[in-house]
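For reference, the structure is listed below as structure tokens.
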Amino acid sequence: SKLAALFEHPLYNIQVPEVTEKDKLFIINPTEKFSLRSSRSDEWVSSSKAETLLLTGKTAYDAYPTWLKFHIGINRYELYPRQDPLLPMLLQDLATQRIVSSVQKSGGTQLKLIMTFPNYGQALFKPMKQTRDQETPIDFFYFSDFERHNAEIAAFHLDRILDFRRIPPVSGRLINITKEIRDITTDKKLAKTFFISPAGNVCFYGECSYYCSTEHALCGKPDRMEGSMAALLPDKTLAKRRSWRSPWRRSYHKSKKAEWELNPNYCAQVRETPPYDRGHRLLDLIDMTILDFLMGNMDRHHYETFEKFGNDTFLLHLDNGRGFGTHSRDEVSILAPLQQCCSIKKSTYLRLQLLATQPYRLSDVLREALAADLLAPVLAEPHLQALDRRLGKVLVAVEHCLAR
């Protein structure tokens with residue numbers, strides 16, 4: 001396994017700083033216990049509502065559902081640890097747990113659903129809109145492209161392979177539209193958009209600002225549908241997040257260019273502007289830039305951080321559905337922060353060099369990681385090959401900076 005060998009490499013075993021209580025997103029009460037509601041139920045309730053059913057020698061933490069353990073493990077330095085025993089279990093839950101509620105997520109340009117499990121865990125479901133081999137038409141603007149469910153799955157694994165670990169876990173899943181959405185939804189607006197197509201397939205389209213109409217309906221075969229299931233982060237009422245506008249945000253205009261596209265010295269003014277004037281925020285943004293370039297994502301207008309940790313924490317790489325839209329073209333403008341600032345973390349640079357070598361080739365390790373997903377093959381082969389080509393271009397960009 002190239003993937004196992006990669007994660008055993010010394011570059012993937014660099015110690016994170018010691019995590020103190022103030023570095024944890026949550027301080028848990030070790031006496032709070034969760035238990036099964038009854039022997040016939042797989043729902044979890046607080047100990048204030050039911051008798052505790054802990055085995056001898058077990059702690060309260062052992063009884064927590066996997067999603068809650070994931071939330072508790074978030075700290076200032078990482079969303080989840082490198083060698084996280086919870087990860088396979090969490091991915092399995094996302095792919096297989098019974099769905100008890102489906103409602104449309106408000107906001108956004110395209111339809112997304114919030115799925116709830118019996119243990120109160122929740123996931124963000126993005127339905128399949130395009131086949132694996134459909135590329136974004138060359139005349140499409142980046143902001144009018146479809147979001148792809150398989151891009152969300154691949155982005156999570158790529159982010160982990162780059163050792164960023166800033167994307168919440170995502171798994172592929174096959175959904176029964178009738179039983180797991182239509183029949184159980186309490187969302188009246190969503191319920192009104194279901195219909196049977198002339199081909200006899202169950203379809204729906206929801207309500208959103210783009211692509212929510214009968215012309216862009218999502219249809220099963222006859223009611224089976226692929227989608228991505230992303231673990232939700234803790235509710236914002238429990239863990240506030242701050243949204244930051246990216247300095248290299250595109251204009252989102254059909255003819256106007258952004259300032260960074262016109263000013264080659266743009267990075268100089270970014271370096272003088274908080275929060276990029278101190279700490280590692282700019283370097284973290286360049287990490288995100290590299291991730292986006294590798295998967296061809298031009299739609300990174302904002303990013304988020306956990307408010308509790310201030311400026312000294314990682315960036316959350318959320319909403320990656322516009323990645324992996326094209327494999328035949330490389331959008332070099334995505335690399336503008338790296339090229340204009342000529343800065344990169346040494347650890348990131350060394351890992352990129354490693355992933356360009358035969359024993360750990362990026363396309364090979366991502367292919368292996370994605371093979372374990374329920375919807376494998378997640379990416380068409382040309383997308384995997386494009387990763388190696390784009391990685392070479394990132395390394396060339398760094399070499400140009402070193403030469404300068």
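Each residue, glycine too, has its Cβ placed from N, Cα and C.
The annotation active site is assigned in TrEMBL to Asp299. The feature ATP binding site is assigned by TrEMBL to Gln110, Lys126, Glu147, Ala230, Ala231, Leu232, Leu233, Glu304, Asp319. The Mn(2+) binding site feature in TrEMBL is assigned to Glu147, Asp319. The domain 'FAM20 C-terminal' annotation in TrEMBL covers 194-403.
Features as recorded by TrEMBL, highlighted on the structure.
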residue : record           : Cβ within 10 Å
Gln110  : ATP binding site : 19
Glu147  : ATP binding site : 25
Ala231  : ATP binding site : 24
Leu233  : ATP binding site : 21
Asp299  : active site      : 20
Asp319  : ATP binding site : 23
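In the predicted structure, the domain 'FAM20 C-terminal' (194-403) carries a mean pLDDT of 95.
In this structure, the C-alpha atom of Leu233 (ATP binding site) lies 21 angstrom from that of the residue listed as 'active site'.
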